[in-house]
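Working notes for the structure below.
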Amino acid sequence: MATNAKPVYQRILLKLSGEALQGAEGFGIDASVLDRMAQEVKELVELGIQVGVVIGGGNLFRGAGLAQAGMNRVVGDHMGMLATVMNGLAMRDALHRAYVNARLMSAIPLNGVCDNYSWAEAISLLRNNRVVIFSAGTGNPFFTTDSAACLRGIEIEADVVLKATKVDGVYSADPVKNPDATLYEHITYQDVLERELKVMDLAAFTLARDHGLPIRVFNMNKPGALRRVVMGENEGTLISK
């Protein structure tokens, strides 16, 4: 596909997993990865794209393991929400150091640390070309940050949810286990459900489907991939009707 002269999206919701921030470390936040992501987001802002970001917390805290050990799931999820706030603070700082105006909002009140989530305020900031980082998931236990990404994407009327992963897109099977797995360029919501492809959890995915919110899965570790996605190039997998 020929590169478009201007971006194909006006407003996006970028979903970053917590693991994406840990780089090769295996835990925590890799400063060089954080700075690279901030630079890639900066490129989008310079193209005139309005950017909302949802970050996971898996690099700092994983509630599932502790839940198996007997910890209350609600407590574990609250800890996970706080992990996403920590990642959000790091991302906001990286963006500020890259001279990008960014605002961090949390679904749970953390006065003095970041702003409370406000739909109207978020829309206003996006229109003024501020990057808005949404943290603490949906603010409710039992909902993943993928659900938060789809929910915020729908609320801010994003053109697409861009799910940044460690793989090149959605495959017919696990490419690690099956070398013959094929990469889809485009697939419908229905096909994803029928083939039980692991794109995101069912609650998040059906929310996007019911509201006609397209999802594009791509590899954030490929330099320039995010820019190629917004310029309409064939990068990753597009999931839509």
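Keep in mind that glycine also has a Cβ here, set from the backbone N, Cα and C atoms.
For reference, Swiss-Prot has these:
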- Lys15, Leu16, Ser17, Gly18, Gly58, Arg62, Thr165, Tyr171, Asp174: ATP binding site (BINDING)
- Gly57, Asp77, Thr138, Gly139, Asn140, Pro141, Phe142, Phe143, Thr144, Thr145: UMP binding site (BINDING)
- 23-28: region 'Involved in allosteric activation by GTP' (REGION)
Sort out the sequence-distant neighbours of Lys15 (ATP binding site) for me: same chain, 6+ apart, CB within less than 8 Å of its CB, listed by position.
Val53, Val54, Gly56, Thr145, Asp146, Ala149, Val161, Leu162, Lys163, Ala164
Which of the three DSSP states, helix, strand or coil, fits Thr138 (UMP binding site)?
coil
PLDDT averaged over every residue in the region 'Involved in allosteric activation by GTP' (23-28):
85
Determine, using Cα-Cα distances only, which of these binding-site residues is closest to Ser17 (ATP binding site): Gly57, Thr138, Asn140, Phe142.
Gly57
An 8 Å radius from the center of the Gly57, Asp77, Thr138, Gly139, Asn140, Pro141, Phe142, Phe143, Thr144, Thr145 Cβ atoms defines the neighbourhood of the UMP site; name the other residues of that chain inside it, in order.
Gly80, Met81, Gly137, Ser147, Ala148
When DSSP is mapped onto helix/strand/coil, what comes out for Thr165 (ATP binding site)?
strand
Alpha-carbon distance [Gly58 (ATP binding site); Phe142 (UMP binding site)] in Å:
15
